[in-house]
C-alpha cells in the first residue's frame with residue numbers, strides 16, 4: 001500500500017493513519033505548508049507534534065491528509081486529555097506517563113494499550129488545541145483573522161479552508177464489531193464494551209440506555225398484553241396497571257443512574273475531570289478579554305443574547321406552538337369528516353378511511369418536527385452561545401417543548417376536552433405506530449439505501465462494501481469521506497423520549513403501547529447499529545459520564561404522566577360509579593392520590609442512591625488517596641521546616 | 001500572669017493559650033505524661049507538635065492544660081486543613097506555606113494573619129488527628145483500647161479521661177464584637193464578618209440567614225398589616241396575598257443560595273475542599289478493615305443498622321406521631337369545653353378562658369418537642385452511624401417530621417376537617433406567639449439567668465463578667481469551663497423552620513403572622529447574640545459553605561404551603577361564590593392553579609442560578625488556572641521526552 005502515499009518525511013515507519021483531514025480544493029500552497037508545519041512542529045514550539053501524510057491518488061494530491069501520531073505522543077496526549085484507565089490492582093486511575101507501568105496491559109511495545117477511538121480522540125483534541133501564536137491571519141487568507149490563542153482548526157473550519165476532519169474506520173475491527181453486534185441471530189446483550197472501544201462513550205451509552213430501556217419496558221408490556229387479549233375493561237385493573245406503571249417508571253429512571261454509574265466507572269469517564277470549555281466554533285463577537293482566562297478572545301454581550309432569546313426565539317417558539325395547535329384543529333375537522341363519511345356510506349373502504357386522518361396527521365407531525373428542528377438549530381446558533389453546552393441546552397429545550405406539544409397535544413385534547421377514550425386509544429395507536437415506522441425509515445433505511453446507490457454509481461470499479469474484501473487505503477478514505485456525518489445522539493434520544501411519552505402519559509388507556517415500544521426498540525437497536533456501522537462516517541469518540549439533560553427530560557415526563565393518569569382514572573365511569581353521590585369527593589380523592597403518588601416519587605428519587613455502594617466506595621477510596629497524598633506532601637514540608 | 005503557669009519547657013516565650021483541655025480529676029500521671037508528650041512531639045514522630053502548659057491555680061494543678069502553637073506551626077496547620085485566604089490580587093486561594101508571601105496581610109511577624117478562631121480550629125484538627133501508633137491501650141487505662149490510626153483524643157473522650165476541650169474566649173475581641181453586634185442601639189446589619197472571625201462560619205452563616213430571613217419577611221409583613229388594620233375580608237385580596245407569598249417564598253429561598261455563595265466565597269469556605277470524614281466519636285463496632293482507607297477500624301454491619309432504623313426507630317417515631325395526634329384530640333375536647341363554658345357563663349373571665357386551651361396546648365407542644373428531641377438523639381446515636389453527617393441527617397429527619405406534625409397537625413385539623421377559619425386564625429396566633437415567647441425564654445434568658453446565679457454563688461471573690469475588667473487567665477479558664485456548651489445551630493434553625501411554617505402554610509388566613517415573625521426575629525438576633533457571647537462556652541469554629549439540609553427543609557415547606565394555601569382559598573365562601581353552579585369546576589380550577597404554581601416554583605428554582613455571575617467567573621478562573629497548571633506540568637514532561 002505504501003506506493004499510494006508519498007512519504008513526507010522520515011517519521012516512524014509504523015505510521016498508522018487515524019484521522020483524515022480534507023482541505024478545500026484549490027487551497028493555497030502556503031496555507032498547506034504552514035498548517036502541516038504547525039501540525040508536525042514540536043510541542044515546545046507550539047506545534048501538535050503529530051505525524052501527517054498527504055494521500056496521493058491516481059488523480060494526484062486531492063488535498064486529503066492522513067494524521068497519525070507516535071505511540072509515545074499518544075501516551076502523552078492521553079495524559080493531557082485526562083484519560084482514566086484500569087490499573088493492575090483493578091482500580092481506575094487517571095493515566096499519567098510517569099505512572100504508566102502501574103496500568104493494566106501496559107507495555108512499551110503494546111500499541112493496543114490505547115484503543116483506536118482513544119487515539120483518534122487524542123488527535124482531535126491536540127488538533128483543536130493547536131493555537132495561533134503571533135499570526136494575525138491564516139497565511140494566504142487575509143480575511144481569516146487570527147489572534148493569539150485562537151484555535152487554528154476552528155478558524156480553518158469556519159473560513160472554509162478545512163472541509164472536514166474525521167476519524168478512519170478500522171475495517172478489521174468494524175467487521176468483528178458488526179458480527180458480535182448484529183451479525184448473528186441471537187438473543188443477548190449488546191457488546192457495549194466493544195461499542196465503546198470503537199465509537200466512544202457517548203454512542204455506547206446511548207445503546208446502553210436503549211437496551212436498558214427496552215428491558216425495563218418488558219414488565220409493562222407483559223402486564224399489558226392480557227388487557228388486549230382478554231379485552232379487560234374493568235377500571236380497577238387499569239388503575240392497578242397505571243399505578244404500577246407510575247412507580248415503575250420512577251424506579252427504572254433511578255436504577256438507570258446506578259447502571260450508568262457502573263458502566264461509566266468501568267469506562268473511566270465517571271472519574272474523568274471536566275475539561276475547560278472553549279468557545280464553540282460558530283461563536284463570534286468583538287475581540288475582548290475573557291474574564292476567566294484573561295486571554296484575548298471574541299466577547300459577545302450577554303444582554304444582546306438575552307434580547308435575542310426573549311424577543312425573537314421565545315415569540316417564534318410560541319408562534320410555532322400556536323401553528324401546531326392550529327394544525328391539530330384541522331386534524332379534528334378531518335377526523336369528523338371521515339366519521340361522517342363512514343356513517344353515510346358504510347363500507348370496508350370507509351372504515352379504512354377512518355384511519356386516514358390519523359395517519360396523515362402522524363406524517364404531518366413528523367414533517368413539522370423535522371422542519372422545526374432546522375429552525376430551532378438556526379435560531380439557537382443565531383443566539384450566539386459561547387459554549388457548546390449552553391447551545392445544546394437551549395436547543396434541547398426548544399425542540400423538546402415543541403415536540404412534546406406537537407406529538408401529544410391532540411391526545412390531550414381528545415382525553416381532556418372531548419373525553420373520548422375510544423378515540424384516544426385509536427389515535428394513540430396510530431400516532432405511535434406511524435411515527436415508529438417513519439422514524440425507522442427516515443433514520444436508517446433511507447440513508448442506507450441512498451448511500452448504497454451513491455456508492456454503486458460513483459465507485460463502480462471499487463469493491464462494494466458488502467463483500468468486505470480488502471480495500472486499499474485510498475479507496476477507503478475516498479469512500480468514507482463521502483459518507484454522511486453522524487450528528488450525535490440527539491435525535492435518537494428524542495425518539496426514545498417521545499416513545500416514553502406515548503407509553504407512560506396514557507398508559508391506563510392503552511396498555512399495549514409498551515408492547516409496541518418493546519418491538520420497535522428491538523428493531524431500533526439493529527437499525528441504529530446498521531446506521532452507525534454502515535451509513536455514517538465514524539464519529540469521534542466523546543467521553544461522557546451520563547446521559548445529561550435527557551435524564552431530567554425523562555424524569556419530567558414521568559412526573560407529568562402521574563398527573564395525566566390520575567385524571568384519566570378519575571374520569572373513568574367505573575371510578576365515577578364508586579362515588580355516586582358526590583363528584584366532589586371523587587375529585588378530592590383523585591387529587592389526594594395524585595399528591596401521594598408525586599410525594600412517593602420524590603421520596604423514592606431521594607432515597608435510592610444514585611451510585612451503587614461499591615462504586616461509592618471506590619470513589620471514596622480515590623478521594624481518600626488524593627487527600628492522603630496531599631497530607632504526605634504537607635508533612636514533608638512540615639518535616640523540612642521543623643528540621644531547619 | 002506568668003507566675004500562674006509552670007513552664008513545661010523552653011518553648012516560644014510568646015505562648016498564647018488558645019485551647020483548654022480538662023482532664024478528669026485523678027487521671028494517672030503516666031497517662032498525662034504520655035498524652036502531653038504526644039501533643040508536643042514532632043510531626044515526624046507522630047506527634048502534633050503543639051505547645052502545652054498546665055494551668056496551676058492556688059489549689060495546685062487541677063488537671064487543666066492550655067494548648068497553643070507557634071506561629072509557624074499554625075501556618076503549616078492552615079495548609080493541612082486546607083484554609084482558603086485572600087491573595088494580594090483579591091482572589092481567594094488555598095493557603096500553602098510555600099506561597100504564603102502572595103497572601104494579603106501576610107508578613108512573617110504578623111501573628112494576626114490567622115484569626116484566633118482559625119488557630120483554634122487548626123489546633124482542634126491537629127489534636128483530633130493525633131493517632132495511636134503501636135499503643136494497644138491508653139497507658140494507665142487498660143480498658144481503653146487503641147489500635148493503629150485510632151484518634152487518641154476521641155478515645156480519651158469516650159473513656160472519660162478527657163472531660164472537655166474548648167477554645168478560650170478573647171476578652172478584648174469579645175468586648176469589641178459585643179459592642180458592634182448588640183452593644184449600641186442602632187438599626188443596621190450585623191457585623192457578620194466579625195462574627196465569622198470570632199465564632200467561625202457555621203455560626204456566622206446562621207446569623208446571616210436569620211438576618212436575611214427577617215429582611216425577606218418584611219415585605220410580607222408590610223403587605224399583611226393593612227389586612228389587620230382595615231379588617232379586610234375580601235377573599236380576592238387574600239388570594240393576591242397568598243399568591244405573592246408563595247412566589248415570594250420561592251424567590252427568597254433561591255436568592256439566599258446566591259447570598260450564601262457570596263458570603264462563603266468571601267470567607268473562603270465555598271472553595272474549601274471537603275476533608276475526609278472520620279468515624280464519629282460515639283461509633284463502635286468490631287475491629288475490621290475499612291474498605292475505603294484500608295485501615296483497621298471498628299466496622300458495624302450496615303444491615304444491623306438498617307434493622308435498628310426500620311424495626312425500632314421507625315415504629316417509635318410513628319408511635320410518637322400517634323401520641324401527638326392523641327394529645328391534639330384532647331386539646332380539641334378542652335377547646336370545646338371552654339367554648340361551652342363561655343356560652344353558659346358569659347363574662348370577661350370566660351372569654352379569657354377561651355384562650356387557655358390554646359396556650360396550654362402550645363406549652364405542651366413545646367414540652368413534647370423537647371422530650372422527643374432527647375429520644376431522637378438517643379435513638380439516632382443507638383443506630384450507630386459511622387459518620388457525623390449521616391447521624392445528623394437521620395436526626396434532622398426524625399426531629400423535623402415530629403415537630404412538623406406536632407406543631408401543625410392541629411391547624412391542619414381545624415382547617416381541613418373542622419373548616420373553621422376563625423378558630424384557625426385564633427389557634428395560629430396563639431401557637432405562634434406562645435411558642436415564640438417560650439423559645440426566647442428557654443433558649444437565652446433562662447440559661448443567662450442560671451449562668452449569672454451560678455457565677456455569683458461560685459465565684460463571689462471574682463469580678464463579675466458584667467464589669468468586664470481584667471480577669472486573670474486562671475479565673476477566666478475556671479469561669480469558662482463551667483459555662484454551658486453550645487450544641488450547634490440545630491435548634492436555632494429548627495425554630496426558624498417552624499416559624500416559616502406558621503408564616504407560609506396558612507398565610508392567606510392570617511397575614512399578620514409575618515409581622516410577629518419579624519418582631520420575634522429582631523429580638524431573636526439579640527437574644528441569640530447574647531447567648532453566644534455571654535451564656536455559652538466559645539464554640540470551635542466550623543467551616544461550612546451552606547446551610548446544608550435546612551435549605552431542603554425550607555424548600556419542602558414552601559412546596560407544602562402551595563398546596564395548603566390553594567386548598568384554603570378554594571374553600572373560601574368568596575371563591576365558592578364564583579362557581580355557584582358546580583363545585584366540580586371550582587375544585588378543578590383550584591387543582592389547575594395549584595399545579596401551575598408548583599410548576600412555576602420548579603421552573604423558577606431551575607432558572608435562577610445558584611451562584612451570582614461574578615462568583616461563577618471567579619470559580620471558573622480558579623478551575624481554569626488549575627487545569628493550566630496541570631497542562632504546564634504535562635508540557636514539561638512532553639518537552640523532556642521529545643528532547644530525549
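The backbone N, Cα and C atoms fix where each Cβ goes, and this holds for glycine too.
Computed from a predicted structure; not experimentally measured.
Check TrEMBL against the ranges A:268-288, A:352-372, A:373-393 and you find transmembrane segment recorded for A:352-372. Your range for transmembrane segment, going by TrEMBL and the list A:563-585, A:586-608, is A:586-608.
As annotated in TrEMBL, transmembrane segment covers the listed stretch A:496-519 rather than the other ranges in A:472-495, A:496-519, A:520-543. Per TrEMBL, the stretch carrying the note transmembrane segment among A:191-211, A:212-232, A:422-442, A:443-463 is A:212-232. If you look at the transmembrane segment (A:212-232), the same-chain residues 6 or more away from its ends with a CB under 8 A from one of its CBs are 238, 241, 244-245, 248, 252, 255-256, 259, 496, 500, 503, 507, 511-515, 517-518, 521-522, 525. Of the ranges A:238-256, A:496-519, A:586-608, the one with the most Cβ pairs under 8 Å to the transmembrane segment (A:395-416) is A:496-519.
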